[in-house]
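Colleague: Next up is a structure, given as structure tokens.
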């Protein structure tokens, strides 16, 4: 738009910002978005589309396409997330078995698939078939003996080291952001923080490939957490195809919330649990519309995974179980004890893991990520191989621990002494005395439990994809199964005790040890992550039994209470604080009696606030101010004397505006006046063209008075997602409070290091 009038000899004035230019409204890396502004921009865009839709049929069709684009994105996310999860499951199954042997008929078959296709497999030896050969059988034609054991042991360790080395090398070279579980960063991104490349295409590709490698290597980690990151990468990719989401960071985060739900849906085969996980654990802003879309994305993802059927059991997870006996009120006591164990384990794990990760960041240890991964993998493989419960994949271990002992089970855990006169249905076997296999399994499980507890502390946080859900569940399931067997044997040998007399008659099937394993798994996962509602729903979706909700709820609540008694932070919040991300947790309470004036800058003795004036600074003055400071934006005042507030201008948009004006507008030079008013200022004749920047000015910045309680300010930042708010008194600017200032003040009040908050 050109103002043709000649104003005081200044020639043609152009407010070139009436036409949008590239990158306006975008944010720099490691900065926080302005939620209010993004919401306002989306409202304006929607209003424009609605008004245009009445002009022609084509515009009406375009408005319909815009309305449906959200559902299309959810469909695509669900399809891709489900497909990737299925491929990962199949690849992990094959590569885990590759450490022990190979299928002669088709090398790409896992042990189980190989024996499915064999006609020579008998029921008693269903895990042995001629087509599947261990490495010792293939290389030296021996299946038993010391030499065969040593060769299998050596190759198991070598395969594990090979997988781990390949994984850490790929992460280091191609996608450094592909390491870790990704959930702390996803939480931070969903709260409005920008981490460019964290959800990029390379990260998606490398995380998918390396996830298969690290899980197959036998390290004490899971794929469930990283699958949330993978699903969010899918969400970011598809949202970039639609301008509605690619140009609005607030809308993009709605898509990412739904993608997180799809990730948990395929990780656990729990679509409803996935939606609740996104709502309870990762999302910052979760409107009702996002709830519906999350539900749809989780549904499509679960349906896609079910179609692939990676486990061959028509289930979405490996450890799906069904129990046939009810639980009794007296069992609530051991369930609550498992909850206490889960809370204590969660506290121990968080404190030890954070201490180790801090040591990794602050010492020379962090300079050798490849060596660290190799050493931990070697230790894990060498200690894990002799124990059958640590040698197998953690998912298979959990599956065995969850299982009820039926007549067809060949596991050591089901080696009970049978009554030869028993004639019962297959699924209603009475409690029996434990045989030698059960006692052997008990001490092996005890050793495996100690090993898992220790090694997981050092594994989580290495420079490889590493999830925490499965190792936490394994720790709880092992403890739970041992408690379950203990209660079962107590009930069998002392059925005349008063606590067992009412519900455990001789010959009855009263105690299900697998249920205790499931409750223990929920308790330990709850203790580490502090999940409650979503955790219980995920666990009952895993088992398909609504009957066991009360034991799960009792254990989850107890573990949270116990863990919260030692510290409110879950593992993900602890890692967010360790990395210094600007995450303002909705769950944190601020109860200190401080005021805005105590937190605002500038403080006493500091240089005055850097401001812009509405019509008295030149382009050179503005550029000098930008060069000499690193602030994200500047308040605009009437004059430096009056300091009456007009608005707020973002640093990035000032830089882009001046750069574009110099390229596109004739006559803009260093001594051109910059003005933020509607009309140009009175200028002397022959002065250079002024530059109008009113379009980039936020005329309604959020303000508080200097006597506003910080409790209110924290609430405002939390609920409106502000980047900064200005402090005024009677319309006169006094200072500014940024999100970083709020977080540092909260850290200071909690006797923590305020300098740990590194980003704004």
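Here the Cβ of each residue, glycine as well, is placed from N, Cα and C on the backbone.
A quick note: this is a predicted structure, and the numbers were derived from the prediction, not measured.
Quick paste from TrEMBL:
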| type | residues | note |
| --- | --- | --- |
| TRANSMEM | 68-92 | transmembrane segment |
| TRANSMEM | 153-175 | transmembrane segment |
| TRANSMEM | 195-215 | transmembrane segment |
| TRANSMEM | 227-243 | transmembrane segment |
| TRANSMEM | 255-279 | transmembrane segment |
| TRANSMEM | 332-356 | transmembrane segment |
| TRANSMEM | 368-385 | transmembrane segment |
| TRANSMEM | 441-461 | transmembrane segment |
| TRANSMEM | 468-487 | transmembrane segment |
| TRANSMEM | 515-540 | transmembrane segment |
| DOMAIN | 600-664 | domain 'CBS' |
| DOMAIN | 697-755 | domain 'CBS' |
Colleague: With Cβ-Cβ distances below 8 Å as the criterion, list the same-chain residues six or more beyond the ends of the transmembrane segment (195-215) that contact it, or say none.
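Modeller: Sequence-remote neighbours of the transmembrane segment (195-215) are 29-30, 84, 87-88, 91-92, 95-96, 163-164, 166-168, 170-171, 174-175, 177-178, 182, 185, 188-189, 221-223, 226-227, 229-230, 232-237, 256, 393, 464-466.
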Colleague: Across the domain 'CBS' (697-755), what does the pLDDT come to on average, as a whole number?
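Modeller: Summarising the domain 'CBS' (697-755) by its mean pLDDT gives 89.
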Colleague: With an 8 Å cut-off on Cβ pairs and a sequence gap of 6 or more, do the transmembrane segment (255-279) and the transmembrane segment (68-92) reach 3 or more such pairs?
Modeller: yes
Colleague: Can you tell me which parts of the same chain pack against the transmembrane segment (227-243), counting only residues 6+ beyond its ends and a CB-CB cutoff under 8 A?
Modeller: 69, 72-73, 76-77, 80-81, 84-85, 88, 181-183, 185-186, 189, 199-201, 203-204, 207-208, 211, 251-252, 255-256, 258-260, 262-264, 266-267, 282, 301, 465, 467
Colleague: With a Cβ cut-off under 8 Å, give me the same-chain residues at least six positions beyond the ends of the transmembrane segment (368-385) that come close to it.
Modeller: 153, 156-157, 160-161, 164-165, 167-169, 172, 217-220, 360, 391, 451, 455, 458-459, 462-464
Colleague: Between the transmembrane segment (441-461) and the transmembrane segment (332-356), do 3 or more CB pairs sit under 8 angstroms, pairs being 6 or more residues apart?
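Modeller: Answer yes, regions in contact.
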Colleague: Which sequence-distant residues neighbour the transmembrane segment (441-461)? Criterion: at least 6 residues beyond either end, Cβ under 8 Å.
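Modeller: 180-181, 219-221, 345, 348-349, 352-353, 356-357, 360, 376, 379-380, 383-384, 387-390, 397, 411-413, 415, 468, 471-472, 474-475, 478-479, 481-482, 485, 571, 575.
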Colleague: Cβ under 8 Å to the transmembrane segment (515-540), counting only same-chain residues 6 or more beyond its ends: which ones?
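Modeller: The answer is 264, 268, 270, 272-274, 276-277, 279-281, 321, 323, 327, 334-335, 338-339, 341-347, 349-350, 398, 401-402, 468-469, 472-481, 483-484, 487, 546, 548-549, 551-553, 555-560, 562-564, 569-572.
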Colleague: Can you break down the domain 'CBS' (697-755) into helix, strand and coil residue counts using DSSP?
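Modeller: Grouping H, G, I as helix and E, B as strand yields 24 helix, 19 strand, 16 coil.
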